[in-house]
Amino acid sequence: MDEVKYMEKQNKLEAKDLINIGIFTVVYFMIEFAVSMLGYIPIFNLLLVFLCPLVCGIPSIFYIVKVKKFGVISITGILLGLLYMLMGGGIVVLAFGIIFGFLGDLIIKKGKYEQWKYISIGYSVFSFWIVGCVARLFIGREAYLSKVAEGYGKVYAESLRMYTPYWIIPVLFIISFIGAYLGSLLGKSILKKHLKRAGIV
């Protein structure tokens, strides 16, 4: 009985975990936001779903193996979704943050936060949230492109239209997964000593 209570306590989010969530979310957001500046070039609007999960792989893997509690990825997904929704990303990015944050959490938990296969796949699934950032190009497309034309010019808006046919939607999920998986491997390589101490590699 005492062991069960101990395990429950270990799995419960505490104040220090919430602090870690806040710090990581800020770091992740700053890195992702810096990379997203490339979006001023139309083609990079699509490549961001590959580049951001790739670059954010290092802090994400460190975060996952440091906290090792269910809920941290879910909360991060919600916070990121909220931030981007408030910045004009629309409700879809929040929905993606909630859905894929929760799914990523479930997958990582299945591996008890120690099996690399589940960590890498869980992070890759979580990273689907970023596809929500470009959802405006497909949902309410004409209204969004009209706003883009007003702010950045018709040439930029038409370039976005040309690079974003509807059939590219599944491709965005695929390249997001690939970018995140490579990012997780990059994180694994750089954090190898830390992961070895944690019994993951």
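Heads up, the Cβ atoms here are built off N, Cα and C, so glycines get one too.
Annotated features in TrEMBL:
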type: TRANSMEM; residues: 21-41; note: transmembrane segment
type: TRANSMEM; residues: 47-65; note: transmembrane segment
type: TRANSMEM; residues: 70-86; note: transmembrane segment
type: TRANSMEM; residues: 120-139; note: transmembrane segment
type: TRANSMEM; residues: 166-187; note: transmembrane segment
Contact ranking winner - 21-41, 47-65, 70-86, 166-187 against the transmembrane segment (120-139), Cβ under 8 Å: 166-187
Positions on the same chain near the transmembrane segment (21-41), where near means CB under 8 A and six or more residues out: 47-48, 51-52, 55-56, 59-60, 63, 67, 72, 75-76, 79-80, 83, 130, 133
